[in-house]
Each structure stands twice: as C-alpha cells, then as structure tokens.
Amino acid sequence: MRVEGIQRNWKQWWIWGILGFWMVMIYNVRGNLWVTVYYGVPVWKEAKTTLFCASDAKAYDAEVHNVWATHACVPTDPNPQEMVLENVTENFNMWENDMVEQMHQDIISLWDQSLKPCVKLTPLCVTLHCSNRTIDYNNRTDNMGGEIKNCSFNMTTEVRDKREKVHALFYRLDIVPLKNESSNTSGDYRLINCNTSAITQACPKVSFDPIPIHYCAPAGYAILKCNNKTFNGTGPCNNVSTIQCTHGTKPVVSTQLLLNGSLAEEEIIIRSKNLTDNVKTIIVHLNESVEINCTRPNNNTRKSIRIGPGQAFYATGEIIGDIRQAHCNISRTAWNKTLQEVGKKLAEHFPNKAIKFAKHSGGDLEITTHSFNCRGEFFYCNTSSLFNSTYTPNSTENITGTENSIITIPCRIKQIINMWQGVGRAMYAPPIEGILTCRSNITGLLLTRDGGTGMHDTEIFRPEGGDMRDNWRSELYKYKVVEIKPLGIAPTKAKRRVVEREKRAVGIGAVFLGFLGAAGSTMGAASITLTVQVRQLLSGIVQQQSNLLRAIEAQQHMLQLTVWGIKQLQTRVLAIERYLRDQQLLGIWGCSGKLICTTAVPWNSSWSNRSQEDIWNNMTWMQWDREISNYTNTIYRLLEDSQNQQEKNEQDLLALDKWQNLWTWFGITNWLWYIKIFIKIVGGLIGLRIIFAVLSIVNRVRQGYSPLSFQTLTPNPRGPDRLGGIEEEGGEQDRDRSIRLVSGFLALAWDDLRSLCLFSYHRLRDLILIAARAVELLGRSSLRGIQRGWEILKYLGGLVQYWSLELKKSAISLFDTIAIAVAEGTDRIIEVIQGIWRAICNIPRRIRQGFEAALQ
C-alpha cells in the first residue's frame with residue numbers, strides 16, 4: 001500500500017511540474033517586448049523649409065505682384081481643407097518664425113524683379129535750375145507752399161553728342177539745393193539720391209497694389225495653425241489645426257498703421273516680444289477696422305523725356321486745376337473709439353498708470369510719418385493729430401471728439417523712394433496721371449514705448465515702423481512649419497520570424513491634411529490610420545509635382561524660370577528626398593512596403609520602463625517620441641545590425657542543401673506544396689477517367705448505329721440476249737422481263753421517252769425516300785445523343801460526388817490515423833518515461849533487497 005501511494009504522489013508531482021514548466025515558459029515569452037517599426041505615425045518637429053506660394057494671379061495682369069505670382073505661384077485650392085487636431089497642445093512663437101523671414105525675402109525679390117528690366121536714371125544726376133511752381137491763370141489757388149518745383153535741365157537726346165533743355169515738375173522732397181540755400185527759394189538743385197545711391201525708374205505700366213498670397217508647405221511638411229481667438233503670439237495653444245496653405249496675406253508695405261490685414265475675432269490683442277523692454281515693437285491687432293480715405297487732388301499729366309538712346313524718363317508735365325495738398329480722412333468717432341480700446345488693453349499690462357499716445361519722436365521721413373503706396377504714388381502722412389491723447393484707467397472721460405467729424409491728416413508725396421529692402425538703393429516712381437483716391441482699412445498699429453524714469457505714473461506710446469517683418473508677422477503670427485516624422489518605434493510582444501524565405505509585399509508608397517488627423521489620439525487608436533496617412537503623404541508629393549508643372553507650363557511662353565521657379569523645384573526635390581530617405585531606412589531595416597514591421601531587436605527597459613498597456617492606451621505618438629528621442633539613433637543602429645545578421649543567416653542557410661534539414665519538411669510552406677501536388681494528381685486521375693468514359697460511350701454509340709445501306713440489291717432488267725426463266729418458275733413475271741417488240745420510228749421514240757420518264761420518276765422517288773429516311777435517322781440519332789449526353793452529365797455528377805466523398809473519407813481517415821498515431825505515440829512516450837521513473841524510484845528498494853538477500 002505504501003508503494004502504491006508513493007507512485008501516485010510522484011505521478012501528481014510529475015504532472016504539476018510539467019504544467020509549471022510550461023507556465024514559466026509562456027510567461028517568459030509573453031514578458032519579452034520587441035521593437036516594432038510603424039510607418040505613418042502622426043509625429044512632427046519644428047523645422048525650417050522652403051515654402052512655395054499659391055495665388056489667384058492672372059497672367060495678363062501687369063501689376064507687379066500678379067506678375068510675380070503668375071511666374072512663381074501655383075493656383076489656389078478652391079476647396080482648402082483644415083484638419084483640427086484634438087487633444088493637441090503646441091507651442092508657437094511669432095517672433096522666431098522662419099515664415100516671416102521667408103516672406104520678407106520674397107517681397108524683396110519681388111521688388112527687385114519688378115525693377116530689373118526698368119531704366120536706370122544715372123543720367124539725371126545733373127544740375128537742375130528750379131523755381132517754385134507759379135500760377136499762370138486766374139482763379140487758381142496754390143496752397144502747397146513751394147511743395148512743387150518747376151525745374152529745367154540739359155539732357156542728352158537720341159544722339160549722344162547733342163543736348164537739349166527740358167522742363168519737369170519735381171516734389172521738393174526729391175531734390176536738395178546745391179548750395180546752403182533755403183529750399184523755398186529758386187536756384188540750383190540736384191536729385192536727393194545722387195550722392196548716396198543708384199536709382200532705377202519703376203516701369204511705367206507697373207503698379208504696386210498687392211494681392212493675397214498663400215504660403216504652402218511642401219509634401220512631408222505641414223503648417224500648424226493656432227485657432228485660439230485670444231492668442232498673443234507666444235506660448236502654448238490648445239486649439240490647433242493642420243493646413244496645407246495659409247490664408248491670403250497681402251504684402252502691404254506701410255509704417256505706423258497696418259492696412260488691409262486680418263482682424264482679431266473677439267477683442268483687441270496686444271503682441272510684443274517683451275512688453276517690459278521699451279526697445280521691442282508692440283503690434284496691436286484690432287478687432288474692428290477703421291476706414292481711411294486718401295486723396296491726391298492734383299490732376300497731374302505725365303510726359304516722357306528722352307535721356308538717351310532707347311531710354312525715357314517720365315516726369316510730371318503739368319497740373320490741371322488747383323494745386324492742393326494730398327491728404328487722408330479718418331472718422332474721428334471711429335478712431336477715438338479704437339484708440340480708447342487700445343488704451344484700455346495697454347492699461348491691463350501697465351496697471352495704475354495712465355496711457356498716453358504721442359507723435360513719433362523723430363527720424364527718417366519713412367518712420368516719422370505713415371508711409372504707404374496709393375496706386376503707384378508713395379504717400380507720407382503726418383499722424384500727429386491721430387496720436388495726441390491720453391487714456392486714464394477708472395476715468396469717466398473718453399477720448400472722443402465732435403460727433404461725425406473727420407480727422408484730416410496732411411500727406412506729402414515722394415517720387416524718389418529709399419528702398420526699405422536695404423541701404424544704398426533707391427527707386428523713382430513715375431507720376432500717375434489724374435486724380436488719385438485710395439480707400440483702405442486700418443487693421444493694426446505699430447507702437448513703441450518710451451523708456452526712462454521721467455514719468456512714473458504715465459506710459460507714453462508712439463507710432464513706429466520701418467521693419468517690414470513686423471507687417472508680415474502681424475499676419476503670420478498663428479502659423480508654424482513642422483516636419484512630419486512618419487517613422488515611429490514602439491515596443492510590442494510580436495517578434496519577427498527569422499531565417500525564413502518570405503515574399504515581401506510591394507510597397508504602396510506614402511498633405512496631406514488628414515495625415516495628422518490622429519495626432520491627439522492614443523498610440524493604439526492612431527495606428528489603425530497608418531494606411532490613409534501614408535497614401536496621403538505620397539499623394540501630397542504627386543499633387544505638388546502636378547501643381548509645379550502647371551505653374552511652369554503657364555510661364556512657358558516666356559521661357560522664364562526666376563528665383564521663384566527655383567524655389568518650386570527645391571520644394572519638389574526636398575519632398576522626394578525625404579520620402580526616399582524614409583524608404584531607404586525601411587529597406588535597411590527589412591521593412592520595405594510595410595506599415596507595421598516587427599523586428600528581432602529586444603526592447604531595452606532603459607529606453608523606457610513603461611508597460612505596454614500604459615504606452616498604447618495612455619500616450620500619444622508625440623509624447624512617446626519625446627520620451628525616447630534620446631535613444632532613437634541607438635535603436636536605429638540596432639535595427640540595422642539585426643537586419644544585417646538576419647540577411648547573413650539567410651545566406652548561410654540557403655547555401656546548405658535544404659533536404660539536409662528534415663525539420664523543413666514539416667514547415668507550413670512545404671505542407672501547402674504537398675497539398676497542391678496531391679490535388680493535381682487527383683485532378684489528373686479524375687480527368688483521365690472522364691476521357692476514357694467518353695471514349696467508351698462513343699464506341700458504344702458507333703456499334704449500335706446502322707445507317708441505310710446503299711448496297712441493297714435492286715432487280716436489274718434483263719438484257720435482250722438473256723434467256724427467260726426455267727419452266728418450273730411460276731408466278732407473275734417481272735416487268736423487266738416483259739419486252740415489247742415495237743417497230744417504226746414513232747413507236748421506238750415513244751418507248752424510249754416512256755422509259756426515260758419512268759426512270760426519272762423512280763430515281764426521284766428513291767431520292768426523296770432516302771432523304772426522308774436520312775432525316776428520320778438524324779432526328780433519332782440527335783434525340784439519342786441528347787439522352788446519352790444527359791446520361792453522361794449524370795454520370796459525371798455521380799463521379800464527382802463519389803470522388804468528393806472518397807476524398808472526404810480519405811481526409812477523415814488520414815486525420816483519424818494521425819490522431820491515433822499521435823495519441824498512441826504520446827501514450828508510449830509517457831509509459832516509457834513512467835517506466836524509467838519507476839525504475840529510478842525502485843533503485844533504493846532493489847539495493848535494500850539486495851543487501852537483505854546478501855545478509856541472509
């Protein structure tokens with residue numbers, strides 16, 4: 001009894017030991033994490049890249065921005081898409097935005113391009129004999145106070161050795177006296193730029209009215225947009241969307257006042273890099289526009305003056321009517337209300353202090369006045385009357401004036417413009433004929449704050465300007481460019497099967513706007529959108545190439561490829577290079593054409609000790625990328641080393657005879673091949689059986705078919721030399737044997753005719769009977785054939801059913817046999833192991849019995 005109990009206990013311990021061993025193995029297998037590569041994850045990083053532009057410019061427009069946009073920009077998308085990124089917070093900084101620098105360089109190149117084919121006015125650096133413009137006719141007034149000078153000078157004609165005296169009108173701001181004389185007197189003058197910079201005359205048919213320009217990111221990059229209505233330009237933004245192109249930005253060149261821009265959606269926004277630093281410019285974004293109407297009332301005429309062969313200088317010829325000063329009109333009520341709101345917002349940043357607005361403290365004319373372009377004429381308007389008020393917090397007084405009154409600010413006009421792009425460059429703007437009127441909207445202010453410690457209870461703000469980057473920054477403050485990083489790495493429990501020959505799927509490739517649509521989702525939720533994101537990346541590249549080809553085709557008639565065309569090519573090449581670089585990495589890692597690629601690289605807990613559930617259920621791809629960014633290069637190197645080792649192992653394995661490794665016989669690939677060969681053999685046997693059955697049926701049909709015999713004997717008529725029947729013959733004699741003996745020509749002819757008719761009748765009757773018999777036999781044969789065909793089909797159906805049952809029985813028998821063999825083999829193995837174990841367990845007892853026997 002004790003022996004049986006010991007055996008039973010050992011058997012239980014053996015079973016529990018096996019179960020525990022397999023549980024430990026399963027736990028170890030499940031506990032390991034492996035590096036998995038994902039292609040198309042919503043991850044990005046801040047980047048600087050070449051942007052291209054889109055515009056609605058027309059090729060036939062002569063306006064300078066349109067000319068530039070036609071040559072450089074692709075058509076705008078009629079249905080722009082914007083994808084909101086849920087649960088995403090992104091940092092923006094309008095003061096360190098590369099988009100602003102790019103737009104600045106683009107506008108500089110725009111102006112340079114517009115002046116490149118125009119006339120250089122170096123020959124105009126001559127002595128000008130000028131006097132104040134006088135009134136030649138009655139009933140005309142001149143309130144300009146010597147603002148316009150009537151100058152005469154000698155100029156070279158078409159023939160270089162001949163000169164002639166010409167007259168032209170110049171603004172006083174464009175000329176300086178040669179001697180220390182008052183500019184109000186008559187005397188000798190020169191153009192203001194002759195001792196400082198070269199001057200180029202703007203082409204006469206070109207104006208400077210801007211059109212909206214959209215900046216677009218190339219494929220592989222995206223533009224993030226902050227949609228917070230009170231965003232001040234810096235810091236985090238929790239309402240982010242991704243777009244392909246910005247809104248249309250008008251490149252308006254102006255100082256002090258921002259014109260024709262976008263408006264704040266809710267309240268006035270104050271933006272500055274550092275409000276406590278009085279050197280930094282303050283950009284005020286208005287929520288309501290203030291209309292400003294500017295007019296040059298003088299009805300000017302323009303005349304052309306020859307300054308050399310093939311060169312013409314355009315100057316003001318005459319002023320028709322009164323000579324009046326240019327000016328701008330602003331509604332006093334609207335302006336005072338706006339300034340009141342601006343003062344209120346500034347007081348929030350400077351509490352317990354009065355906010356005072358004052359005129360500019362001094363400097364160049366371009367920054368001390370509100371300078372802008374009006375239909376080709378450059379205005380410089382004095383804004384002292386606009387910025388001359390004080391806002392006191394908690395005061396009942398408002399900055400208001402007479403209701404419905406108008407603020408009129410005087411303006412001066414210059415034709416020689418110091419280019420804002422750089423020092424030492426100037427441009428001559430030809431006079432525009434007729435009366436000029438411009439209507440614009442003030443959408444922002446450029447201010448600066450006085451420093452020092454003079455007034456502790458008052459902050460003085462003055463209009464500022466001059467750096468056109470602030471103009472572009474006021475429109476591009478809510479955008480930033482990011483680079484898409486479609487390659488993601490994360491730990492999973494799936495491991496790559498190694499040292500196997502596999503057919504890799506052909507790659508499908510990789511805008512664009514839906515690409516980052518899952519950015520705020522968890523990693524597990526975002527991974528299901530990889531296919532869509534990868535396809536949109538490739539479609540973005542293709543779409544950009546298509547747009548580029550259309551843009552080049554539009555300018556093909558002029559055979560021009562300016563710097564803008566080069567930028568387009570750069571963006572195209574950049575997008576393709578990024579795509580190829582990602583595909584190269586996937587190829588090096590053995591992941592070509594795969595969106596999710598398992599690897600044989602184990603995950604190191606030093607990279608991240610988070611659990612798999614925590615990573616995939618609680619983190620976004622952006623958060624995960626930031627966490628492992630320091631180890632990305634290390635993981636990339638390990639992936640490359642693993643793939644190299646994998647390829648080396650495959651090469652070594654393929655070098656051996658595959659039949660030497662019997663284990664490969666039981667691989668799933670070989671079993672599929674065995675099944676395919678078996679199906680082919682069975683199909684061949686069934687086909688042979690069908691062929692022999694058909695041949696047998698045909699043979700039987702042929703044996704049972706007896707056609708009408710054409711050898712049936714018919715009674716032949718006896719000849720005239722044949723004897724009659726014997727005497728014993730009885731019965732009626734045949735008609736052939738009746739021979740009529742006729743004589744005479746008519747009788748013979750009649751007999752022959754009768755014989756011919758009878759012969760024809762009998763032959764025709766026989767032919768009809770044969771045809772009827774043939775038709776009858778053919779019908780019977782056809783019916784018999786249809787019946788036999790139906791029998792053949794039934795036979796084939798039965799044959800197929802029989803063989804299917806046989807195959808089913810064979811398969812069931814095969815599986816039963818395998819199951820029985822496996823069960824019996826398992827039982828035998830268990831019995832052998834139990835026997836060995838019992839033998840081992842009985843060794844002490846046998847030794848004891850041996851000692852007992854020896855001692856006895």
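Each Cβ is built from the backbone N, Cα and C atoms, and glycine gets one as well.
These come from Swiss-Prot:
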DISULFID  C53-C73  disulfide bond
DISULFID  C118-C203  disulfide bond
DISULFID  C125-C194  disulfide bond
DISULFID  C130-C151  disulfide bond
DISULFID  C216-C245  disulfide bond
DISULFID  C226-C237  disulfide bond
DISULFID  C294-C328  disulfide bond
DISULFID  C374-C438  disulfide bond
DISULFID  C381-C411  disulfide bond
DISULFID  C591-C597  disulfide bond
CARBOHYD  N132  N-linked glycosylation site
CARBOHYD  N139  N-linked glycosylation site
CARBOHYD  N180  N-linked glycosylation site
CARBOHYD  N184  N-linked glycosylation site
CARBOHYD  N228  N-linked glycosylation site
CARBOHYD  N260  N-linked glycosylation site
CARBOHYD  N274  N-linked glycosylation site
CARBOHYD  N293  N-linked glycosylation site
CARBOHYD  N329  N-linked glycosylation site
CARBOHYD  N394  N-linked glycosylation site
CARBOHYD  N604  N-linked glycosylation site
CARBOHYD  N618  N-linked glycosylation site
REGION    130-150  region 'V1'
REGION    151-194  region 'V2'
REGION    294-327  region 'V3'
REGION    360-370  region 'CD4-binding loop'
REGION    381-411  region 'V4'
REGION    454-464  region 'V5'
REGION    456-464  region 'V5'
REGION    505-525  region 'Fusion peptide'
REGION    567-585  region 'Immunosuppression'
REGION    655-676  region 'MPER'
REGION    712-732  region 'Disordered'
TRANSMEM  678-698  transmembrane segment
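The most crowded of the disulfide-bonded residues listed here (C73, C294) is C73, judged by how many other CB atoms sit within 10 Å of its own CB. The average pLDDT the prediction assigns to the region 'V1' (130-150) is 63. Listed disulfide-bonded residues: C118, C203, C381, C591; maximum Cβ neighbour count within 10 Å falls on C591. Of all the Cβ atoms in the protein chains shown, 23 others lie within 10 Å of the Cβ of C411 (disulfide bond). A coil conformation is recorded for C203 (disulfide bond) in the three-state DSSP classification, outside any helix or strand.
The CA atom of N329 (N-linked glycosylation site) is located 6 Å away from the CA atom of C294 (disulfide bond). The disulfide-bonded residues examined here are C125, C194, C226, C328; by Cβ neighbour count within 10 Å, the least packed of them is C125. Closest to C194 (disulfide bond) in space, going by CA atoms and restricting to the recorded positions C237, N604, N618, is C237. N274 (N-linked glycosylation site) falls outside any helix or strand according to DSSP and counts as coil. Broken down with DSSP, the region 'V5' (454-464) shows 0 helix, 6 strand, 5 coil. DSSP assigns C151 (disulfide bond) to a strand in the three-state reduction. Remark: C245 (disulfide bond) has A54, T76, D77, P80, H214, Y215, C216, A217, I223 as non-local neighbours, by Cβ distance under 8 Å and separation of at least 6 in sequence. Under 8 Å, Cβ to Cβ, and six or more positions away along its own chain, C237 (disulfide bond) finds T89, E90, N91, F92, C226, N227, N228, F231.
It is 5 Å from the Cα atom of C438 (disulfide bond) to that of C294 (disulfide bond). Of C53, C73, C381, N618, all annotated as recorded positions, the residue with the shortest Cα distance to N293 (N-linked glycosylation site) is C381. Counting every protein chain shown, the number of other Cβ atoms lying within 10 Å of the Cβ of C130 (disulfide bond) is 25. Of all the recorded positions in the list C118, N260, C328, C597, the shortest Cα-Cα distance to C130 (disulfide bond) is found for C118. Cα to Cα, N618 (N-linked glycosylation site) and N260 (N-linked glycosylation site) are separated by 46 Å.
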